[in-house]
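Per Swiss-Prot, the feature compositional bias 'Basic and acidic residues' maps to 41-53. Marked as region 'Disordered' by Swiss-Prot: 41-63. The domain 'Protein kinase' annotation in Swiss-Prot covers 82-337. Residues annotated as ATP binding site in Swiss-Prot, with sequence analysis given as evidence: LEU88, GLY89, GLU90, GLY91, GLY92, PHE93, ALA94, ARG95, CYS96, LYS110. Annotated active site, proton acceptor per Swiss-Prot: ASP204, in sequence order, evidence recorded as sequence analysis. Under the heading domain 'POLO box 1', Swiss-Prot lists 513-595, citing sequence analysis as support. Here Swiss-Prot flags GLU553, HIS569, HIS609, ASP612 as Zn(2+) binding site, drawing on a large-scale study or a structure entry. The domain 'POLO box 2' feature in Swiss-Prot is assigned to 614-700; the stated evidence is sequence analysis.
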Amino acid sequence: MSLGPLKAINDKQLNTRSKLVHTPIKGNTADLVGKENHFKQTKRLDPNNDHHHQPAQKKKREKLSALCKTPPSLIKTRGKDYHRGHFLGEGGFARCFQIKDDSGEIFAAKTVAKASIKSEKTRKKLLSEIQIHKSMSHPNIVQFIDCFEDDSNVYILLEICPNGSLMELLKRRKVLTEPEVRFFTTQICGAIKYMHSRRVIHRDLKLGNIFFDSNYNLKIGDFGLAAVLANESERKYTICGTPNYIAPEVLMGKHSGHSFEVDIWSLGVMLYALLIGKPPFQARDVNTIYERIKCRDFSFPRDKPISDEGKILIRDILSLDPIERPSLTEIMDYVWFRGTFPPSIPSTVMSEAPNFEDIPEEQSLVNFKDCMEKSLLLESMSSDKIQRQKRDYISSIKSSIDKLEEYHQNRPFLPHSLSPGGTKQKYKEVVDIEAQRRLNDLAREARIRRAQQAVLRKELIATSTNVIKSEISLRILASECHLTLNGIVEAEAQYKMGGLPKSRLPKIKHPMIVTKWVDYSNKHGFSYQLSTEDIGVLFNNGTTVLRLADAEEFWYISYDDREGWVASHYLLSEKPRELSRHLEVVDFFAKYMKANLSRVSTFGREEYHKDDVFLRRYTRYKPFVMFELSDGTFQFNFKDHHKMAISDGGKLVTYISPSHESTTYPLVEVLKYGEIPGYPESNFREKLTLIKEGLKQKSTIVTVD
């Protein structure tokens, strides 16, 4: 049974009576204390004043948890007594003890000293944490049991997690294998998906706040920084979190705020840390960490290889723009999850890496589905997919009636106090793995490839494109895509056979590319500037005006049922009256791009550029924008500001760096080298995989009766 979203926290006193143990908070609730030394959840932080990294003060401030006295051996409440057991750990404002009821059941008691209560504000914070945690009911979230108080302390009773945290696991093992991280990530995604469905943002997801139960399933705990949104569009503005895990929009969003995406970012940080051994933005001081986060300055060390599929997932999650991060549903569709997937985590995981090599592909898929079911992911994902199918259907209808296609754009915080695996030690949040296995036969390799391509196709959902009215035009475009895709596949085959002799390498010719563009399709159309300085506008009605840079002339291009496109050439001085408005729009965009946009390349017109070129089609995907030019060149502008163009029927690849450096190579030579020479940060192979899938999709002609 699904629960509705939580209501926003208000000032009314909370009823903390649990259904399991009827022991309400007694006395004046104004005496309750909040996490005051957890200053990050309330103060608008200057990054220079993080309490993890503050310079030495004249007088060291005592942690508020130190005010918490050891509870009596027998803790009496109304209707039920508890026997105090071992000390489990402490955080910034609370201490945690093991306690046992009369039946012998053991719990973790998060204990907050009343002496640390200084204001109504801190009381409300503690009540907020209690209310939010009490409302959570998910197999991968630490269960809230009860809340009560005595004369000295407030006690929050929680499900006990006897096997430590992910932080402890990483400290012991140094680095984890991809199969176990797939398992952990799936469970974490299930818990986050549930929280977000209740409009709850955790805001402090980190390895130290995720615990192991008795069966080594994960449980998210510590809701001290959690917030409830009144509605889906509400934003939060408090700078809070743990330095290594904090999202860039939290650091930079004083005016724009942050929302659910901060938890997605933290997931990406944890994923990287588990596979590499430390957080991606780790540095000696907090200011450097913050600067690296704001610049998305991280890389994958060569001495700790992870799969390309894992890198793609991490890079996408750690997108600077929150809107560009994949949703939890989209994350579960990534190819990476189709790798080896265990049925469970063995009890020896804390001391040694599990061996899952014998799990067959088919069983891995079964295990993955089973894990999603247990984490309550499948039900919510299925409804998301229904909505996605509706959007795709509506989009196909739009294209059939010749409209523009628009698709759905598309501080130490209690690191161990919920787990008896913790100690008094304050954890520091710093934190070929899976050798490539040979497949037994070609059939199995083909099955895996098909499964990966199916998932990749889901990533490449167009968010906008120009409408192609002519069926012959669609066939020409599909043929060009097919030709270029075959050229790439042929180059890959040549590379596997040892490459080509220099005499057979294709001659280097820099293609004409799009150097500037403006998408104004909500009114006029799509404007662009080519490396030849020619300016074009692809209007919403499908026609194009291309104004030449080296002559007072222009082309007017429209669809043709026999040729695909037909182009008419005019002198500017002899322009037809009906095209005057078109040229005014071209001039407007030319001035706009000159004033506001910089060229992405130094390429210009070469002597081998005999014909004028225009843009036939553009398509905006989440990973990149794809341009299809009339000379058969395909250009891909990726969201990380790297650009690639495939020309000469797939034989040549052009790379443009974020700093506008441009170079062209035979594709087979780049494949042989393994990356764009001199540009290891280009992530060439990952981008080529996306390019091939984009071309493959466009090779299929979709017609509507």
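Cβ coordinates come from backbone N, Cα and C, glycine included.
Recorded features from Swiss-Prot, shown on the structure.
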residue	record	Cβ contacts under 8 Å, 6 or more apart
GLU553	Zn(2+) binding site	ARG547, HIS569, TYR570, LEU571, LEU572
HIS609	Zn(2+) binding site	MET512, THR532
ASP612	Zn(2+) binding site	THR532, ASP534, LEU546, LEU548, TRP555
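Put simply, the residue listed as 'active site, proton acceptor' is 16 Å from ALA94 (ATP binding site) when counted between their Cα atoms. Counted within 10 Å of its Cβ, the other Cβ atoms near ALA94 (ATP binding site) come to 30, all protein chains included. DSSP classifies GLU553 (Zn(2+) binding site) as strand under the three-state reduction. The separation of ASP204 (active site, proton acceptor) from GLU90 (ATP binding site), Cα to Cα, is 17 Å. Break the domain 'POLO box 2' (614-700) down by DSSP state and the numbers are 28 helix, 32 strand, 27 coil. A gap of 19 Å separates the Cα atoms of ASP204 (active site, proton acceptor) and CYS96 (ATP binding site). GLU90 (ATP binding site) has a Cβ environment of 26 other Cβ atoms inside 10 Å.
In three-state terms derived from DSSP, HIS609 (Zn(2+) binding site) belongs to neither a helical nor a strand segment and is classed as coil.
CYS96 (ATP binding site) is surrounded by 27 other CB atoms, counting those within 10 A of its CB over all protein chains shown. Other Cβ atoms within 10 Å of the Cβ of LEU88 (ATP binding site) number 26 in total over all chains. For HIS569 (Zn(2+) binding site), the number of other Cβ atoms no farther than 10 Å from its own Cβ, over all displayed protein chains, is 11. If you take every residue in the domain 'POLO box 1' (513-595) and average the pLDDT, you get 92. All protein chains considered, the CB of the residue listed as 'active site, proton acceptor' has 28 other CB atoms within 10 Å.
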